[in-house]
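> Dropping a structure here in structure tokens format, bear with me for questions.
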Amino acid sequence: MSFDAVVIGSGVIGLSIARELDNRGLKVAMVARDLAEDSLSVGFASPWAGCNWYSFAEGGTPAAEWDAITFSKLAKLAEDHPDLCEKIPFCSVWDLPKSDSESEPWFKDLVFEYKKLKSTPGQHLAGGKKFGYSFKSYVLHAPNYIRHLSSEIRARGIPIHRYRLSSIDEAYNLPGIGKVSLVVNASGLGAKSLIGVEDEKVYSGRGQTVLVRAPGFKACIMHTEGFYADLDESGREITPPPPAYIIPRPGPEGHVVLGGVYQKDNWSTLPDLKEAERILKDCYNLAPELAGPNGKSWKDIEIISHNVGLRPAREGEPRLEIEEREVGTGANGGNGYEVAPKFGCEGERRKVAVVHAYGIGSAGFQASLGMAEKASDLVEKYLSGRRTSAKL
């Protein structure tokens with residue numbers, strides 16, 4: 001069998017793109033170091049996500065469009081797989097006054113039942129905050145959704161090869177796949193070190209969460225201001241307080257993800273227990289119900305696990321574009337090629353292309369279906385152009 005394209009990476013972006021390409025009738029194969037069944041691997045971020053649809057993209061940007069496309073497709077997933085995707089109440093709360101443009105999100109007319117909130121004697125907001133807004137949106141079970149996508153892709157006959165690429169050139173002629181003219185680079189953090197890409201703008205956005213058990217808790221609460229700032233000896237604020245969020249998971253387990261942390265260029269995969277305590281305190285302040293009907297403090301919250309994930313972020317903006325290039329003997333020099341494996345760097349010199357789709361940071365799940373749609377548009381356009389040229 002010959003393939004139209006190879007997708008590098010089996011996180012939520014790579015899997016979503018592979019499925020979309022298959023939907024369009026293209027023959028696709030996948031190659032990745034970490035696979036969906038590696039749900040305890042810290043080598044990729046997807047299994048560790050809190051996973052809700054709460055866009056923090058700036059309105060009118062490509063990222064906002066990806067989020068909107070994804071949102072429009074989640075209703076079907078929630079209907080077919082309520083154990084993977086569920087529509088629940090959301091709220092975002094804060095204390096400091098904001099202008100209307102700051103306090104109203106671009107997606108207020110997209111989500112369900114949006115309304116502005118203000119604390120009154122008769123209406124107290126989460127954490128005793130003064131302002132907020134509420135709506136209904138979707139939460140997903142990240143590790144199970146990744147496994148679901150992977151199982152669906154395998155059921156369609158799409159091969160997924162476990163292989164660690166050193167250079168992008170290798171992907172154009174892999175054993176068991178053969179020659180292709182197009183590769184989709186959804187390698188996430190791997191784009192920083194993959195020879196032939198080596199994107200210096202890519203960085204790790206370390207996240208840490210606490211998975212807890214709180215049966216019956218079904219509300220997603222976001223608090224971007226945080227409660228506790230780091231102070232110096234005189235009591236002055238050194239850094240602003242980290243945000244806090246509460247994201248229930250679909251399914252019967254009663255699991256809830258508590259966060260949050262976003263630490264740029266921190267590559268540690270070890271949980272920081274001091275940070276975990278801060279997360280538990282913050283989330284208890286927002287929702288004491290997490291501690292159960294008899295709970296009296298954050299210490300009564302039932303902890304399941306401490307988790308760390310490295311978000312594949314990128315300076316400026318995510319990268320979604322096509323790059324035309326060459327592979328084969330003499331095609332590339334420098335940029336690490338002197339130490340690259342010879343496989344993929346030798347042989348017939350030919351023109352190829354790569355569609356880059358990485359650097360989405362914290363927004364992987366909520367942007368995945370939109371990003372897959374736009375990446376697939378680029379793939380189709382390129383392959384159509386090659387077929388047209390071949391006929392001339």
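Here the Cβ of each residue, glycine as well, is placed from N, Cα and C on the backbone.
Keep in mind the model is a prediction, meaning the values are calculated, not measured.
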> Which of these, Arg162, Arg164, Arg311, does Swiss-Prot say binds anthranilate 1 at the same site as Tyr245, Ser362?
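Swiss-Prot lists Tyr245, Ser362 binding anthranilate 1, and from Arg162, Arg164, Arg311 it also lists Arg311.
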> Find the one among the binding-site residues Phe56, Tyr245, Tyr262 whose C-alpha lies closest to that of Arg33 (FAD binding site).
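So, spelling it out, the nearest of the binding-site residues is Tyr262.
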> So for Arg33 (FAD binding site), how many other CB atoms are inside 10 Å of its CB?
17
> Helix, strand or coil by DSSP: which one applies to Tyr262 (anthranilate 2 binding site)?
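Coil, per DSSP.
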> Across all chains shown, how many C-beta atoms besides its own are within 10 angstroms of the C-beta of Tyr262 (anthranilate 2 binding site)?
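Neighbour count, Cβ to Cβ under the 10 Å cut-off: 16.
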> Please report the DSSP secondary structure of Ser362 (FAD binding site), reduced to three states.
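Ser362 (FAD binding site) sits in a helix per DSSP.
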> Have a look around Gly50 (FAD binding site) and count the other CB atoms within 10 A of its CB, chains all included.
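Excluding its own Cβ, the number within 10 Å is 26.
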